[in-house]
Each structure stands twice: as C-alpha cells, then as structure tokens.
Amino acid sequence: MKTKLNIYNMQLLLFVFLVWDPARLVLANIQEDEAKNNITIFTRILDRLLDGYDNRLRPGLGDSITEVFTNIYVTSFGPVSDTDMEYTIDVFFRQKWKDERLKFKGPMNILRLNNLMASKIWTPDTFFHNGKKSVAHNMTMPNKLLRIQDDGTLLYTMRLTVQAECPMHLEDFPMDAHSCPLKFGSYAYTTSEVTYIWTYNASDSVQVAPDGSRLNQYDLLGQSIGKETIKSSTGEYTVMTAHFHLKRKIGYFVIQTYLPCIMTVILSQVSFWLNRESVPARTVFGVTTVLTMTTLSISARNSLPKVAYATAMDWFIAVCYAFVFSALIEFATVNYFTKRGWAWDGKSVVNDKKKEKASVMIQNNAYAVAVANYAPNLSKDPVLSTISKSATTPEPNKKPENKPAEAKKTFNSVSKIDRMSRIVFPVLFGTFNLVYWATYLNREPVLGVSP
C-alpha cells in the first residue's frame, strides 16, 4: 500500500514539473518581451516628443501666459548670521507647468525621468532676488527630477542651498523677532509672458521638515507666503515671497551678559557696607566694577552688526554702568567729607589747647603782680610776717582739664550718605529690573515683513 502511494506522489511531482516549469518559462519570456516592448515604446515616445521641439521657446508662445505653480519643502533651515544679516536654507524647489508640445499616449500616464531630459526641454528661468549665493547639488549626480504626464504637465524638482539676505531690526535685541524672506521669480519673462502661482495654501506651499531646524539662537515660529509685482525699466515681473518667522532665544544672553551685569552692580554696592576709612578696599571695588562693565559692554557688541542705534541690551548695560559709576562717585563724596571732618577736629583740639595755655598764663601773671605789691608791707610788721611765713601760699583755682574729643569717634562713624545709599541703590536697581523685564518679556513679537 505504501509503495503504491509513493509511486503516485512521484508521478504527481513529475507531472507538475513537466507542466509548470515550461509554463513558468513561457511566462517569464512574455514578461521580458513586454518589458522590452515598453522600453521600445517609451524610447519612441521620447524621440517623438523631442522631434522638432525647440527648448528656446516657452509653452504657449503668442497664445497664452505660461503659469508656473511652485511649492517649497525645506529640509534644513539655518544657521542665521546676525553680523551679516543673512541665513542659509536647504530646499527641494518644485515647479509645475504645462507644455502642450509634450503630450503623449502610451501604456503609462507618467514618464519619470532624470536631469538629462530636463536640459532638452524648456524650463522656467527662476532666480532668487535676495539670494547672495545659490548652489545646485550635483553629487553623485545632479539632484534633479522631471516627470511628464500624458496631458503635457511637467513637474521639475531640484535640490538647492541658498544664502539669502534677512533684514533685521535690532532695537529689541535680544528679545527681538524677525521675518526672513525668500524671494524668487522669472529673470527674463514679464507678467505678460510667465506668471507664478503658489500650488497650495499658505501652510502647504512652504513646508519645513520636522527635524529641519538648524537654529541655536532662534525658534522658528512658522512661515507665510505672498506674491507681489515689481516694476523695472524692462517691464513688470512677478515675485513670489516666503517669509520665515523667527524669535530669538534669550537664554544665551542671560548667562553671557545679563547675569554678569547684575552681579557686577550688586558687587559695587557692597562697598556701602564697608567703613569709609577703608579707602583701598572701596577703591578696588569701584575701579574693578567699572572696568568689568566696560569689558562686558564691548564683548556684547561683538556678536552684533555695527548699527547706529541702541538695542535693548545696550540700554540695560548703560543703566548698569551708571549704577556702578555712581557707586564710585558716592565713595569719592564720602571720602571727601571724611577728610574735611579730620581738619575740623584738628582745629578744635588745637584751639582748646591754646585757650588753656593762655588762661594759665593770665592767672600766673596776676598772682605774681599781687605778691610784688604786698610784699613790702608784710616785711615791716613782724606779726604779719610771722603769719605770712606760717601761712601756706594760696594756689590759684585749677580748672579741670578739658580733654580733647577723640577724633576716632568722628572718623569711624558711618556716613549718612552710606546709610542712604544702602537703601536707595538696591531699590532703584530692583525697580529698573522689574520695569525692564516686564516691558520686554510681555511684549508680543513684532514680525516686520520686509517688502
């Protein structure tokens, strides 16, 4: 029984092998022939499309305006240079238009081609108005894509890296916001020949990759699109504009500038708590803090272009500098009045000593005169002489010595100016910080859209 079953299985396998394998070979040959036929068909289609095609002439020449639909996909945005007022952007730049001369009929609705075909047909002469430098990537092959639909609609995509100008208004720096434009349009064709249209709405015509931001000092808030017409001596041209809205991050500047300035001002106010006779210590505090503020103000300006107006950081540094310099002037004032106090104390002590010596001399002179006048009478009378000899010589009444006031009490006393400064300076500086930060941090970012 088992032997019969094995024989049956072997016969079945043999039958499948003899029948299926030739069928598979025939099917493979048919598919290969179809592929060869498709290649032949598409080659003929391309040859027919290019036969008599003049890529020097735009589509619809003399009949209609060529409409070019555009959209942008941003793969990388940044960095942004404040000193040069420019930014770098890496994009897939897509353009779509219709060319009736490229209609075809075939087994496929879309022909997917590379850059070689793009050089043989008419393409828009798009350029970037505010671009300083533009690079078309060519590694390992030119990064270009061309698709032709059977109705003559073409999609032309290329990868570009553009360095574009970004006008900045730095009055609110570093709490500022900017709108960096990307402007492009036709170089040779006026609005009566070629016009540009955004393919989708504002959010879809310009898209940024989720991980496309390359910004360390900015947040990319979003983007907007627009369209305008400019006039020149050669005619009117369509200009497409995409604005990228940026808000600066303040964290770096808080650590680099604001905190050092605040700590320097606080350090300058420590001198109010030192004795006013500590001239070297208070001088070191004043001079060191002034020099520190000067260094901070210079370093803060190095990361900015040389603008003719003051920024928000400049105002903060200027006020901090004024507080530090005022602390030094306060010490000079206290020291000046301290020296005058020494002179007054010295004069009072000297005058008291002179008056004391003069009173003693007057008393001694009076006593000497009295003795000289009455001495002869006492010598003639023996009784009086005896009494005078036995009597003790009267001494002038001595007044208690007036000890001069110790100068140390006047010199070591705390100055009224220091007492006032300990309260006034911190209160004023705290009020300034409260007003400054409340004003700038609560202000809505003003995105200036440049024309």
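Including glycine, each Cβ sits where the backbone N, Cα and C put it.
Residues or ranges marked as signal peptide in Swiss-Prot: 1-28.
Swiss-Prot lists 29-249 (among others) with the feature topological domain 'Extracellular'.
Among the features that Swiss-Prot reports, N-linked glycosylation site is placed at ASN38 (among others), with the record citing sequence analysis.
Long-range Cβ proximity for THR157 (4-aminobutanoate binding site), meaning a same-chain Cβ under 8 A and a gap of 6 or more residues, is found for PHE92, PHE93, ARG94, GLN95, LYS144, LEU145, LEU146. In the three-state DSSP assignment, the secondary structure recorded for THR157 (4-aminobutanoate binding site) is strand. Look at Swiss-Prot and you will find ARG94, THR157 tagged as 4-aminobutanoate binding site.
What Swiss-Prot records for ASN138 (among others) is N-linked glycosylation site, and it gives sequence analysis as the kind of evidence. Around the Cβ of ASN138 (N-linked glycosylation site), 11 further Cβ atoms fall within 10 Å across all displayed protein chains.
Swiss-Prot lists CYS166-CYS180 with the feature disulfide bond, giving similarity to another entry as the kind of evidence. Of all the Cβ atoms in the protein chains shown, 25 others lie within 10 Å of the Cβ of CYS180 (disulfide bond). Following the DSSP three-state reduction, the secondary structure of CYS180 (disulfide bond) is strand.
Within the same chain, residues 174-175, 216-217, 285-286, 289, 292-293, 296, 299-300, 313, 316-317, 320, 323-324, 327-328, 421-422, 425-426, 429, 433 sit at least 6 positions outside the transmembrane segment (250-270) and bring their C-beta atoms closer than 8 Å to a C-beta of that stretch. Taken from Swiss-Prot, the feature transmembrane segment applies to 250-270 (among others).
Feature annotation from Swiss-Prot assigns topological domain 'Cytoplasmic' to 271-280 (among others); the stated evidence is a curator's inference. For the topological domain 'Cytoplasmic' (271-280), the list of distant contacts is 286, 327, 330-331, 334-335, 338, 411-412, 414-415, 418, 421-422, 425: same-chain residues at least six beyond its ends, Cβ to Cβ under 8 Å.
According to Swiss-Prot, the feature transmembrane segment maps to 281-300 (among others). Here the transmembrane segment (281-300) has Cβ contacts under 8 Å with residues 256-257, 260-261, 264-265, 267-268, 270-271, 274, 313-314, 317-318, 320-321, 324-325, 327-328, 331, 335 of the same chain, all six or more residues outside its ends.
Swiss-Prot lists 301-311 (among others) with the feature topological domain 'Extracellular', giving a curator's inference as the kind of evidence. Sequence-distant contacts of the topological domain 'Extracellular' (301-311), counting only residues of its own chain at least 6 positions beyond either end whose CB sits under 8 Å from a CB of the stretch, comprise 82-85, 168, 170-174, 318.
Residues annotated as transmembrane segment in Swiss-Prot: 312-332 (among others).
Positions annotated as topological domain 'Cytoplasmic' by Swiss-Prot, on the basis of a curator's inference: 333-420 (among others). Mean pLDDT of the predicted structure over the topological domain 'Cytoplasmic' (333-420): 54.
Summarising the annotation, Swiss-Prot assigns transmembrane segment to 421-441 (among others). Within the chain, the transmembrane segment (421-441) has long-range Cβ neighbours (under 8 A, six or more residues past its boundaries) at 172, 175, 262, 265, 269, 272-273, 312, 315-316, 319, 323, 326-327, 330.
Residues annotated as topological domain 'Extracellular' in Swiss-Prot: 442-451 (among others).
If one looks beyond the transmembrane segment (312-332) by at least 6 residues along the same chain, the residues whose Cβ comes under 8 Å of a Cβ in the stretch are 171-176, 253, 257-258, 261-262, 264-265, 268-269, 271-272, 276, 282-283, 285-287, 289-290, 292-294, 296-297, 300-301, 417-418, 421, 425, 428-429, 432, 436, 440.
Cα to Cα, CYS166 (disulfide bond) and ASN138 (N-linked glycosylation site) are separated by 27 Å. Around the Cβ of CYS166 (disulfide bond), the number of neighbouring Cβ atoms within 10 Å comes to 21.
Within 10 Å of the C-beta of ARG94 (4-aminobutanoate binding site) there are 17 other C-beta atoms, taking all protein chains into account. Annotated pair ASN138 (N-linked glycosylation site) and CYS180 (disulfide bond), C-alpha to C-alpha distance, rounded: 27 Å.
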